[in-house]
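Peer 1: First, the structure itself, so that you have it in front of you.
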């Protein structure tokens with residue numbers, strides 16, 4: 001009884017403290033208390049529920065039977081919207097706080113919400129090497145199932161809660177993208193419900209214009225109801241090499257060289273300052289040296305970016321064997337390095353051993369409990385951006401990031417961008433090697449002002465024919481946005497499919513004014 005009594009006393013004291021200080025004060029100044037006592041246990045309950053649900057649904061093979069009925073229900077909702085006069089635009093009914101993006105869309109309150117309850121894996125076809133999934137299937141679900149049967153996605157984006165729909169309608173990337181491209185480039189078919197309630201399937205050879213226009217469109221051409229994605233044979237481990245590199249010129253040269261080597265299954269860099277980085281290259285393998293096995297996904301292990309930093313501090317190269325699923329979700333426990341700002345002692349060994357099994361808190365729950373004051377503070381004093389620029393511009397880009405926002409660590413992830421129709425493609429007619437530069441954290445540039453600094457960064461990205469990931473704050477005006485993205489095919493299909501009265505334009509969903 002004593003532990004229960006102690007816990008009850010602590011909870012009572014905490015509630016009294018909240019009453020005296022005010023909930024907003026606690027959420028802003030001692031947010032870690034709220035996160036540790038409430039959000040971590042709640043996140044664990046969410047994870048257990050969704051894991052058990054997905055396992056039961058797949059084992060009973062009920063998802064394919066239910067899928068057709070759910071799609072018909074979506075079509076019915078769209079047709080009812082038309083019969084009622086199509087008075088407002090449509091959007092998905094999923095609450096904005098459930099998404100992984102930093103902001104919540106204001107349009108959810110004014111648009112017609114179409115409920116889309118599609119969160120299951122429908123089929124794994126190992127002969128055709130295809131997995132067919134619904135749009136709300138998460139990367140955590142995908143890895144749990146596929147790796148257990150010896151398969152994986154060629155590109156498997158990092159965070160557990162990222163959904164297939166978000167990765168298609170937005171975008172997704174991983175350290176294998178230098179071989180396979182973005183997430184959209186491993187998809188072979190999309191199934192959608194259009195503005196008139198009709199159902200359509202599109203592939204590179206069937207309804208190809210729609211197939212190439214869907215990625216990055218943020219649900220403004222139709223409602224995604226299923227996708228077919230390539231799968232490849234998996235191996236048990238990733239043989240990962242760590243190489244610290246000093247000097248910006250050497251970093252850029254080494255990273256470019258490793259990104260061009262197709263024998264590397266994975267390439268990633270963590271930049272800890274403008275002239276200090278660790279470059280990691282990996283290959284999948286079934287063989288392991290037991291003395292070099294590192295199960296980095298175990299809850300008591302150090303956060304991955306801190307583990308990598310040790311190679312830089314000691315200026316030594318390293319070789320480790322990491323279980324494949326642990327590698328895929330190596331940044332999940334620390335949400336890259338964002339969790340250090342929420343739970344400052346989160347990487348402390350004592351905290352990891354006692355509470356690490358509950359980490360991380362759900363990003364959706366962090367958003368839900370953010371509050372307006374904290375949201376404004378984050379906007380002015382926190383940056384979460386992914387900018388995609390040609391690899392040949394890497395050195396120039398890193399100088400620009402240093403001058404405009406000065407955030408470290410910086411994530412470096414290469415990808416090949418094919419010359420295909422759609423919103424995003426290289427400037428020329430051939431595939432080109434690009435790099436995702438991810439900046440997440442508190443800017444250390446003097447007199448940082450979010451709007452002016454980010455507009456300066458966006459201007460640079462446009463000037464080198466780069467792209468901004470659309471989950472992040474976008475300060476561009478409409479003209480600048482369409483200078484960055486190729487809207488020719490997109491606008492043609494919007495008119496052809498009757499989307500102009502059914503869905504907002506993509507800019508109106510992602511611009512700063514559309515989110516809070």
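If you go along the chain as it appears here, the first residue is 1 and each next one adds 1.
Note: Cβ is positioned from N, Cα and C throughout, glycine not excepted.
In case it helps, Swiss-Prot gives these features for our protein:
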- 163, 164, 165, 166, 167, 168, 169, 170, 171, 172, 173, 174, 175: FAD binding site (BINDING)
- 58-234: domain 'FAD-binding PCMH-type' (DOMAIN)
- 1-22: signal peptide (SIGNAL)
- 53-516: topological domain 'Cytoplasmic' (TOPO_DOM)
- 32-52: transmembrane segment (TRANSMEM)
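Map these features onto the structure and tell me what's around them.
Peer 2: For residue 171 (FAD binding site), the Cβ neighbour count at a 10 Å cut-off comes to 23, with all displayed protein chains included.
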Peer 1: Which residue, out of the binding-site residues 163, 175, shows the minimum number of other Cβ atoms inside 10 Å of its Cβ in this structure?
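Peer 2: Among the binding-site residues 163, 175, the sparsest Cβ neighbourhood within 10 Å belongs to 163.
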Peer 1: Relative to the Cβ position of residue 173 (FAD binding site), how many further Cβ atoms are located within 10 Å?
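Peer 2: By my count, 25.
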